[in-house]
Amino acid sequence: MVLAAAAAALCSFIAPAAAGSGIPEVKAYLNGIDGHSVLAPGTLFVKILGSILGVSAGFVVGKEGPMVHTGACIASLLGQGGSRKYHLTWTWLRYFKNDLQRRDLITCGAAAGVAAAFRAPVGGVLFALEEAASWWRSALLWRAFFTTAVVAIVLRAFMEFCGTGKCGIFGKGGLIMYDVSSEKVQYSGPDVLAVILLGIIGGIFGSLYNYLVDKVLRTYSIINEKGAAFKISLVIAIALLTSCCSYGLPWFGRCIPCPTHIRVSCPNTDESGNYKSFQCPPGYYNDIASLFLSTNDDAIRNLFSASTKKEFRISTLFLFFSAVYCLGIVTYGIAIPSGLFIPVILAGACYGRLVGRLFRSISNLDTGLFALLGAASFLGGTMRMTVSLCVILLELTNDLLLLPLVMLVLLISKTVADNFNKGVYDQIVKLKGLPYMEAHAEPHMRHLVARDVVSGPLVTFLGIEKVGNILHSLRTTGHNGFPVIDEPPFSDAPELCGLVLRSHLLVLLKGKIFSRERIPAGQEILRRFAVFDFAKAGSGKGVKLEDLDIEEEEMEMYVDLHPISNASPHTVVETMSLAKAAILFRKIGLRHMCVVPLSQGRPPIVGILTRHDFMPEHILGLYPHIKPHK
């Protein structure tokens, strides 16, 4: 409870963004949503320390999700040139100070987090491709692959160093975490039927898990909004519940004689192992204690262990599955860094082993292999990933012969679960209210055109604009992009000449390159500013409206916006299908899309589309008669 309270205090007072898995936030960032302090240095510190405290407190949580967030935070820190607040800055990192390079870095960071957590370098690359990134290209593939290769080499180097015993139990295990390759894999028709049943069970349990997690998160959000004291109290209550289950339920177990054919000691004399004595006499072990009084990793290793068919009784497996399933649901959402992978693998391995015991009379597969397939089915049912999960599980367990069965069970569980709800990370993104853009357009968009969803009023600037007008617009609107229009005598007719960003306007106004006459500034602006002055600032570093010190006399002066405008903004004609516009918006990775008129003789711009204009809530608010697609 002390460890849990410490983790909760860190998340409540220092970095609230560090609570939870972090994967939904990273996924949203890579979709174009820059959440507040999601990748800040303080969040990185709390994520690492809070994850250590949370796992040590005995919660049914994993460290894998937080490691993905940790990798992304480190990448963001490098991508913004370090942190001025903590006096960690590097000039050579300025190369990454743009959205594209930073996004690529964070994608590589997420891949590195998976590679480090599961010791699965190829799985990390595929996870970043399948789940995290919204935009992918060939250059990013080899960069992510190089990143995860370095992770694997560094991990191996540390394990070699620690293999001499200098690091305690840190260096034990090697790169394969749950090795099941010692068991021969031979399967026939009845085995495939059992695997199909596992896939169906995994899909049903996974969709139910997502539904219950969604309900619990909604309840916890109401409690957490009341303040830090309520957050910490909730964490302590869940810690107490977890401890009562871990230490209370083994008392209901009975002592089982140790098997005679095993090579390991029974009962175990060290911290980990399959046979915990608990309160049993010598030569006996308590199977419930062997699962509850082990670390999460050791419990998974025990369930995956081969040639131990009757080690755990059916009633024990059912009890442990029920406890882990429920604890995993109520633990996710409290104010600690918590991953979903380990609870899901634990529960899935448990019912997989249970099915293996029930099908023992007709199946040749070992119960340990059934546990692995059960974990795969539950992962597929909750997270709805296929390729990356398949490779991660094979790298985790070192058993390529199981590849066809793992592929089959993942596809079946995902297909079954997709009939009920979305994947758990997609649900959390939606619950947090993040305007995530899907890869496909909603069906109702086909009946609308771009001008139908343009929201006003439109705020535009002239190519050479009054300082006072710019300041007024910045103060009265929250827009981040403004169309720039040239009018006679600078053009023959009003025409759209570019788009200027709020952040660039603030930098320009702070430099005070103003003129009393409405004349172009020429090259003076480019001489006064360096390119990096307009680069994307890190968290909390950019010029703010309050930083400007514009005098009354300067309000009537003019400033030339042409040098800092994007002279080639992406435009669509107002009659373009909204579905096409949405696909174009997401594929190119835009923040602003200018809508221009179909005919001449009208103002040169109809409006601007941002991602909020493509959200179903906005469209259905404008057109309530349209039925949303379910």
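The backbone N, Cα and C atoms fix where each Cβ goes, and this holds for glycine too.
Unlike curated entries, TrEMBL annotations are predicted automatically.
According to TrEMBL:
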- 564-628: domain 'CBS' (DOMAIN)
- 1-19: signal peptide (SIGNAL)
- 43-61: transmembrane segment (TRANSMEM)
- 105-128: transmembrane segment (TRANSMEM)
- 140-159: transmembrane segment (TRANSMEM)
- 192-212: transmembrane segment (TRANSMEM)
- 232-253: transmembrane segment (TRANSMEM)
- 314-334: transmembrane segment (TRANSMEM)
- 340-356: transmembrane segment (TRANSMEM)
- 368-394: transmembrane segment (TRANSMEM)
- 400-417: transmembrane segment (TRANSMEM)
For the domain 'CBS' (564-628), the mean pLDDT of the predicted model: 90
CB contact flag for the transmembrane segment (232-253) and the transmembrane segment (340-356), at least three pairs under 8 A: no
Stretch among 105-128, 140-159, 314-334, 340-356, 400-417 sharing the most Cβ pairs under 8 Å with the transmembrane segment (43-61): 314-334
Of 140-159, 192-212, 314-334, 400-417, whichever stretch has the most CB pairs under 8 A to the transmembrane segment (105-128): 140-159
Outside the transmembrane segment (192-212), six or more residues from its ends: residues with CB under 8 Å to it: 325, 328-329, 344, 347-348, 351-352, 355-356, 359, 362-363, 365, 370, 373-374, 376-382, 405, 408-417, 419-424, 427
Secondary structure content of the domain 'CBS' (564-628), with strand meaning DSSP E or B: 23 helix, 12 strand, 30 coil
